[in-house]
Amino acid sequence: MRILISNDDGIYSSNLHLLHAALLRAGHDVRAVAPAEQHSGAGCCLTVHGPILTRKVSLPHAEGGPFEGIAVSGTPADCVILALRGIMPDFKPDLVITGINFGPNAGQDVFFSGTVGAAIQAAMYGIPTMAVSHCAYSGLTAAHADLAARMATALDWNSLPVHRVYNLNLPDCPAEEIRGLKVCPHSTDWACLDSYERRFSPRGREYYWMIDPFQHFQLEDEGTDKSWLHRGWATLSPLKIDLNDKDTAKKLNENKLWEDIIS
């Protein structure tokens, strides 16, 4: 397969390099286009008020083996759009994989994740796409990357609906201890667990620092990605990019409220 990979942790991420190596070992034609710097939490953000710079990166001693890719000064979403529409006109990917992210993208994470945001861009073009995350901030191994690569390429993409992001999370455990894969919805427990600490600079300027940026899995949210990941299962959650709420729109039209406001 022709596979485009990107991420939000940046072109120098060891997780990206391990995924790149795993896909090459499996015999795929792989191209990497990723941010020049860390862009976690960027969501679908695009660069609209400035130039986007690109440069080739060659890392002969990257983790997993030699790595080559293109570094982009913009966001993860910029990377995928540029790869599809600009800097690689002769490369038409059969599949786009984003990640492997440092940390989970489960539950409410999907709304601000740069990993998922980059995948959404490919899904908008109707290209099969999978966002991959590891529920730890270190410790990803070649075995994890091989597992993710096999999961992404084993799907019969021709039989699956397009305009979806297939969101894969690997639990925080050794690859050989992963209990299996659960296809499940992402959690809709919207409790925001982030908090901010008020601080002052040496010159007395007030600022705030996020002190709990990583969510905790809620065991009571049964049957969702959070609960299965906590139990040592990998999870796959298909996410639609169509945000329309047709039922509510129908209800609003039936109320005919607007007739009294606009006549």
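Here the Cβ of each residue, glycine as well, is placed from N, Cα and C on the backbone.
TrEMBL annotations: computationally assigned, not manually curated.
According to TrEMBL, the protein carries these features:
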BINDING   Asp8, Asp9, Ser40, Asn101  divalent metal cation binding site
DOMAIN    3-187  domain 'Survival protein SurE-like phosphatase/nucleotidase'
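This view paints the features noted in TrEMBL onto the structure.
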residue : record                             : DSSP class
Asp8    : divalent metal cation binding site : coil
Ser40   : divalent metal cation binding site : coil
Asn101  : divalent metal cation binding site : strand
| note | Apart from the site residues Asp8, Asp9, Ser40, Asn101, the 8 Å Cβ neighbourhood of the divalent metal cation centroid comprises Asn7, Gly10, Ser13, Gln38, His39, Pro76, Gly99, Phe102, Gly103, Ser113, Gly114, Thr115
| task | Output the one of Asp8, Asp9 that, of all these binding-site residues, has the highest number of other Cβ atoms within 10 Å of its Cβ. | result | Asp8
| message | Among all protein chains shown, how many Cβ atoms are found within 10 Å of the Cβ of Asn101 (divalent metal cation binding site), not counting that one? | response | 28
| query | Near Ser40 (divalent metal cation binding site), how many other Cβ atoms are within 10 Å of its Cβ? | reply | 18
| Where does the mean pLDDT land for the domain 'Survival protein SurE-like phosphatase/nucleotidase' (3-187)? | 96
